[in-house]
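**Q** If you scroll down you'll find the structure; I have some questions about it.
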């Protein structure tokens, strides 16, 4: 049966293909080499397309995850009196930026800040290992490949470079600068990274395809929730409270950038004249919170309930 498959004009399954050698199709049906995928004629074809805007936005989202987690744990463990927190924030951004540049340089075409890719067509493109065909219902034809080249592996390579650069730069910086913290506390942000990088790696390996389609909505929901939690915890109930500290404005503008990123990712800017006005909605959640905060103050509600009795 396998011999029959090999000489047939087409191959079974979604991702099995035959090699093109010197302009003619040769060889048995099987997995395409890395950087290629089977076309409609079941012939392995080199990925030469440039990523779409949505693909770059997805890569940007996956690149932001370790940076945001770095910043969160640095702020969480630095303490109010630590003078090194800002420098650690800058170092974390430098680590992730350098990792992104190096990752692009080592990805095809090597030495250029651009990549060639295969177009994502459907969710199954991310999970080709689940679609290995069995032409005779006995033998399995293994055609597992990176059909979304290089969107799957490039994120894993980026995380590896982030981890390497962090281990090279951050411990020396923290040891020299984190004088306001105890010896057991100053390295906790690094220890946290040693936990969340494996988690991010597993998340990409297992849920990369789901994240690809869901990340715009994840960004919007999480940014809205975290902004509401922050404003509630900081007891921001008026514009005066909001502008009282520079840190609050930085947090607000950061969340606005995330709101805008999510909106752009959903709209994909297919029609600029229709999509750009949606960015006017970015300040909406913060304004709504400030306007309605005084009506939902727990102490006021309890007081009115007591007066009612």
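Here the Cβ of each residue, glycine as well, is placed from N, Cα and C on the backbone.
All TrEMBL annotations are machine predictions without curation.
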**Q** Can you check which of 37-55, 56-74, 75-93 TrEMBL lists as transmembrane segment?
**A** 56-74
**Q** If you count Cβ pairs under 8 Å, which stretch among 56-74, 149-169, 190-207, 278-296 touches the transmembrane segment (249-266) the most?
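**A** If we count Cβ pairs closer than 8 Å to the transmembrane segment (249-266), 278-296 scores highest.
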**Q** Quick one: do the transmembrane segment (190-207) and the transmembrane segment (278-296) have at least 3 Cβ pairs under 8 Å, skipping pairs fewer than 6 apart in sequence?
**A** no
**Q** Quick check: do the transmembrane segment (56-74) and the transmembrane segment (278-296) share at least 3 Cβ pairs under 8 Å, counting only pairs 6+ apart in sequence?
**A** no
**Q** Could you check if the transmembrane segment (213-233) is in contact with the transmembrane segment (149-169), meaning 3+ Cβ pairs under 8 Å among residue pairs at least 6 apart in sequence?
**A** no
**Q** Short question: which residues 6 or more past the ends of the transmembrane segment (149-169) have a Cβ under 8 Å from it?
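**A** Counting only partners 6 or more residues beyond its ends, the transmembrane segment (149-169) has Cβ contacts under 8 Å with 34-37, 47, 51, 55, 58-59, 62-63, 66, 70, 91-92, 94-96, 98-100, 102-103, 106-108, 115, 117-118, 120, 126, 190, 193, 197, 200-201, 204-205, 208, 212.
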